[in-house]
Amino acid sequence: MEDFVRQCFNPMIVELAEKAMKEYGEDPKIETNKFAAICTHLEVCFMYSDFHFIDERGESIIVESGDPNALLKHRFEIIEGRDRTMAWTVINSICNTTGVEKPKFLPDLYDYKENRFIEIGVTRREVHIYYLEKANKIKSEKTHIHIFSFTGEEMATKADYTLDDESRARIKTRLFTIRQEMASRGLWDSFVSPREAKRQLKKDLKLQEPCAGSPTKVSHRTSPALKTLEPMWMDSNRTAALRASFLKCPKK
């Protein structure tokens, strides 16, 4: 699973996921299913935001990579992926500027057009069950919830899906592709079932035990099949800016 994640997702996504797990004392090499889940969630958050801007009239528009957008404002503020201190700093700034109610839990995005925080969910289960779990945890009508599944289903607060059909279809297609590729490699069952995941972890750890006197060889090649999974959705200019913003070392 770890190799699949590193080859499947954008390097920035992988780096952010590793950073988030280490912040909570978790090891991506051991908790590989969680590693995959975090990367998937991060990618959906970025895909949700990418190419969506607000023009000078305050209208939401879609601008593909390469088009001039210097005078446009990004519609969504990405909160997910930041360390907790920086995330709350961003939230406090948004609340002070817009006057919106401060959430009790860290949301994933802020929508400058609708003036609301958004909680994104990606589930391997039934969307309505996961939606209710999110709603019961957040206990706030101010935070908008949008749930996606790997089967193409989705559910959102008051059936308000925020994005246009094409943008949501892009996310659903990506999730379905991840599921299919996991399944073709025998990874999907362990990703869905905790019991199967534990069995797979024991198997992986046993396979990782080095034989006495045997040299360890690591391959950095990407298989042709996995090359088709490499995400092409990120705006290169914004990727560089986000990397600098999200991954910079805190000042001592």
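Backbone N, Cα and C define each Cβ position, glycine as well.
Quick caveat, the model's predicted, so the values are computed rather than measured.
What Swiss-Prot lists as active site is E80 (among others), and the listing cites similarity to another entry. For E80 (active site), the same-chain residues lying six or more positions away in sequence with a CB closer than 8 A to its CB are H41, L42, C45, A87, L106, D108, L109, I120. Secondary structure at E80 (active site), as computed by DSSP, is coil.
Under the heading active site, Swiss-Prot lists D108 (among others). There are 24 other CB atoms within 10 A of the CB of D108 (active site), with all protein chains counted.
As annotated by Swiss-Prot, site 'Important for efficient shutoff activity and nuclear localization' applies to R195 (among others).
Per Swiss-Prot, the feature site 'Important for efficient shutoff activity and nuclear localization' maps to K198 (among others).
Swiss-Prot lists R199 (among others) with the feature site 'Important for efficient shutoff activity and nuclear localization', giving similarity to another entry as the kind of evidence.
Marked as site 'Important for efficient shutoff activity' by Swiss-Prot: K202 (among others).
The annotation site 'Important for efficient shutoff activity' is assigned in Swiss-Prot to K203 (among others) on the grounds of similarity to another entry.
The annotation site 'Important for efficient shutoff activity' is assigned in Swiss-Prot to K206 (among others).
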